[in-house]
Structure formats: structure tokens, C-alpha cells
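Trainee: Once you've had a glance at the structure underneath, I'll fire off some questions.
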Amino acid sequence: MTPAPRASLTAALTIAILFALVLAVLLGESPLSAAQLAEAFRDPSSGPGLVLWQVRAPRAATAVLVGGALGLAGAVMQGLLRNPLADPGVLGVSASAAFAAAVAIVLGLAAVPGAVEASALAGAGAAGGLLVLFSARVRSPEALILFGVALSSFAGAATALIFNLSPSPIASAEVMGWLLGSVQNRSWIDVAWVAPAALLAAGLARLAAPGLRMLSLGEETARTSGLPMARLRVLALLATSLAAGAAVAVAGVIGFVGLAAPHLVRAAVRGDPGRLLRPSALAGGLMLVVADLLARIVPTDQELKLGVFTALVGAPLFALIAWRAAREWRL
Amino acid sequence: MSALELAGATARLGGRAVLEAVDVAVAPGELVALVGPNGAGKSSAIRALAGLLPLTSGEARLGGDAVHALSGRERAARVAYLPQERRIAWNLPALEVAALGAPFLAGSQAIAAARGALAQVEAGHLVDRGVAEMSGGERARVLLARALAADAAALMADEPIAGLDPDAQLMVLELLRGRARAGQAVLASLHDLTLAARHADRVVVLDAGRVVAEGPPLEALGPGVLARVFGLSGRWMETPEGPLLSGVRYSEGSDGGVRRSGSPSNPG
């Protein structure tokens, strides 16, 4: 109905992301002089060139893609469950992916390239598969949330059990690093991992968009609308599992981006969950690249973990959203 | 051929029978009111016709075909359903909500259908307002517009006038009657017996999942049915505006007799 505001929103977010990417490449823990920056642009294989193009650039690109995947997953999930507090964490997709990654780490697979990532993606896929099976049998969104919460708790407990039983403190520390979430030391290989998964998830989500829009009016209206809701629901769950799984696979557990990104842009699309997908993905990407930049340049002895940083900012935001939603709808 | 038909429909929910051998038929051009006390099975009958409540026996048919043999899209073309639930998850503008009634039309056509439907429910001024900024009554009208925009062969509305002010109740019922006159088959569950009698062509009275009376309103809602089903000692009065139910509640006295406990003009 209102394509112009959405187009300008997309343009504004895209420009903001490009600007943030430039900053993320230029700024860092070890400041480079103008001469060094010039050298980096002249000769990418020089020392400063390597810092810019092999350290900072892939890290920033990973942050944008992971944030975008989480923003997309959050928007899909909130639309699917008609719940402003839903995000990939709520349904247990992130926790399941983290658990699978932890298993791979304690099994000593961290040395095998891509093994931990593949394991995380498989964990997310398994959680997504369970959710699809469950939602095919039980259509109530409340029941799906309860199932997701149970799945999340179970995966969390299983991960804790790994800590509990792990014979090696090194493996435990590595699992901990994963759980805290970070895009530190990510390479172009990681970008190549997450980019196709995020794009595929975006394509699936786009197909599911009419169903998400119709679900705004409730389950019964959606089911009698004539749209193939069962198929659209499966597409949406696949999109969200793939996006969240790819994000966890590459960056570990990063909370609250999936929750907050849709809220930042919802008013601009007049609440429409179908039109929310792209702006939410862009907002998620922007949030994470900015958060990572801040985590990098804030002077601390140990670099702040991105997941910790987003949770510290995100948890109060979560409370604020819950408060406002309760007031608006008298929940 | 009936546009909407339940034939020997029996359904259970949580082990309890909510419909027992229910027969209901609505022909094109007819407005039928489903009445009955809370829990009588009105919503269940409508949900069975919408294909939302599986039957243990009997059949629900739309335009002569079993609802379960129809694709979702065919069902939507044969009946538009307005559920009792009026919660809208997001603060969508009225126009977008109404346009959801026509998901298979191209964008501009869906918008035109939505505008027309909003004008019919006298909500043309709400087009751009978000549903979270509306009163309950305004939201109910917008949701009705969504069902009208679907332009299906039949229309089912579950308690479409609940919670509306008197003026809006009359507007909605006149609108439903107008749709019936225009050839749509309309089935609506109602609690207000006077309004049902004034606007419906026929009334189907449900009690404990069974059809206990059916026919022209004043025949179906005779004194025996009013007493047995609704617990009312009532009589119909002719007024210039149409029939008016004057009734009082039966209540058991200590002597086992019946005594009057009030004089509501619109009971139920």
C-alpha cells in the first residue's frame, strides 16, 4: 500500500550499513595511520592490507550477514507466532545449534575445518525439523511456543551437561567461547558459509510472506483464507531454522538481535509482517556490525564478546518491548 | 442447492459432544440466524462449515460439495468466515486488514475491494488508521469488511454484533440482510433474539449441540422453546419496528413453582 516509505527505508538502511562497513574496515583496536591505510588500499598483500582485507573486512561482512540472518529469523518468527517477544532463541533453534556445536567441540572436531559449523547447522536443522513436525500436528501458536521453550531448556541443559562431564578444560573454554558469541577472527571462508544460507533463508521467507501477513488476523482466519497455510508455515519455519542455524554456525549464540531488529522497523511498515522481512534483516545487519565495531573499539583489557554486548543492550530492550506490548494490548 | 449445509453433523471436543446430528441448510439469498445459549454449539456449527472442526459423523457441505474434499482456495471462494476472535496481532491500517479478504486479487484490485467493503460497514474514515488505535467496535467493523471483501458465495459470521453499540448492531444486521438480498447465503450466530427475529429469514435454535427448533423466527422461538432452551417466560409483541420479545427469567422457587425475576426487553 505504501511502497515509497519502504523503499526509502531500505535505501536508508543500506546506506547506513555501507557506512558502518567502511568504518568497521577503517577503525580497529590497532589504529592505522593515513599512510598505512593508503598502503592497504594500494597493496592488499601488505601488512596493513592484510589487516584491512583479511581481518577487518571479513569480520565486518560476517557481522552484517549474521545480524541480517538473525533479523530475518526474528521477523519471520514473530509473524509466525503473532508474538512480539518471539525470536530464534525462544523456539530453541539457537540453543539446539549451540548444543550441537558444543558436542562437536568436545568430540575434538574443532580441528576439522567446518565441522563445528556443520554441526551447529545440523542442530538448528534438527530443531527446525522437530518444530515443523510439531506444528503439523498441533496448530496452536501457543503450543508451538511452549514446545520451543521446552526444546530450548533441554538443549541448554544438555549443553550444561557437557560442561559438567567434559574431561578437558580447554574444550570447556572453547564451548564457552562459542556460547558467548563472536565474529572475531572470522575469514572470507566464514562469509562464504553464511552468505548462501542467509540468501536461501531470505528467499524462503519471501515465499512465506503472504502467510505471515494473513496470520495477523489469527489462526482461524488464516486457515479459512484460502492460502496454503500449512505449506507457508513450513516454509517460514525452514527459513527461520536456516537463518538462525547459519548465524549460530558462524558466530555462536548472539541474542536479542532477532528480537530487537523487527521492532526497530515495524512502525515504518505499518506493522505488516510480510513487508517487515527485508527491513528487519537490514536492521539486524546494521545492529550487529555497529555492535561489533563498538565491542572492538571500546578500550577493555579483554575484547568484549559480541554476544555479551548484544545481551547487555538487548535485555533491557526486551523488558521495554514487553512493557509496551502489555500496555498496547492490555495483555 | 444449499450454499451451506450440515447434514447429520456430529462433533466432539475434548470428549464432549458439541454437535449431535445437526442439520442446517442455508440457501443463496437467505439470512439464517443461529441462536442458543452459551455452549449450545453455535460456534461449533459455523466452524464445522468452515472446515475447522472435524466431524465424527455426518458431513459439512459448501455449495453441495463436502468441505473436506475442497481445496483451501475453493473453500474460500464458497464461504467467507468472520470468527468471534477479534484480536489483530499488529497495528495494521484498516485498509490492509480489509484487503486481506481478497488475497488472490492483484494489489490494486484488492485495495479497491477493501475500500468498497470499508465503505459498506461505514468505516471509510478509518481507512488509514491502525487497528490498535481503534475502539473494539471499529475493529469489529473493519474485520467484517475483511469478510465482505472476500466476496464469497456465502458469508458466516460468529457473533458479529457482540460488543457493538446499538446503532452499529443495526447497521451490521441490515448489511447482512442486504448481502442476503443480493444473493449471498448468510449464516450468523446471534444472542439477541429480538434482533434475530427482526432481521433473519429463518432461525435455527441450538441447545446442547442439537437443533431443537427451526423455521421463521416467531415460529421457531415460540413460548415452549423460550422456556426450555433460554429459561425465559416470554412473549412476542408486535411493534412498528418489528417483533419485540418481552420476557422474564424463570427461576425455581422454594415451593418448586416459577416466579418472575425481572423484565428485560432484550433477553439472551
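A Cβ is built for glycine as well, from the same backbone N, Cα and C atoms used for every other residue.
All annotation found in TrEMBL is predicted automatically rather than curated by experts.
According to TrEMBL, the protein has these features:
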| type | residues | note |
| --- | --- | --- |
| TRANSMEM | A:58-77 | transmembrane segment |
| TRANSMEM | A:89-112 | transmembrane segment |
| TRANSMEM | A:118-136 | transmembrane segment |
| TRANSMEM | A:143-167 | transmembrane segment |
| TRANSMEM | A:187-209 | transmembrane segment |
| TRANSMEM | A:230-256 | transmembrane segment |
| TRANSMEM | A:276-294 | transmembrane segment |
| TRANSMEM | A:306-326 | transmembrane segment |
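How buried are these features, and what lies next to them?
Mentor: Within the same chain, residues 17, 20-21, 24-25, 86-88, 90-91, 93, 183-188, 190-191, 194-195, 197-198, 201-202, 205, 208, 212, 236, 239-240, 243-244, 246-247, 250-251, 254, 257-262, 273, 276-277, 280-289, 291-293, 306 sit at least 6 positions outside the transmembrane segment (A:58-77) and bring their C-beta atoms closer than 8 Å to a C-beta of that stretch.
The list of residues near the transmembrane segment (A:143-167) in space but at least 6 beyond its ends in sequence, with Cβ under 8 angstroms from a Cβ of it, reads 81, 83, 86, 89-96, 98-99, 102-103, 106, 123, 127, 130-131, 134-135, 175-176, 179.
Non-local neighbours of the transmembrane segment (A:187-209) in the same chain are 54, 58, 61-62, 65-66, 68-69, 72-73, 75-76, 113-114, 117, 121, 232-233, 235-236, 238-240, 242-243, 245-247, 249-250, 273-275, 277-278, 281; each lies 6+ residues outside the stretch with a CB under 8 Å from one of its CB atoms.
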Trainee: Residue list, the transmembrane segment (A:118-136) vs rest of chain: Cβ under 8 Å, 6 or more residues beyond ends.
Mentor: 91-101, 103-104, 109, 143-144, 147-148, 151, 155, 197, 230, 233-234, 237-238, 240-242, 244-246, 248-249
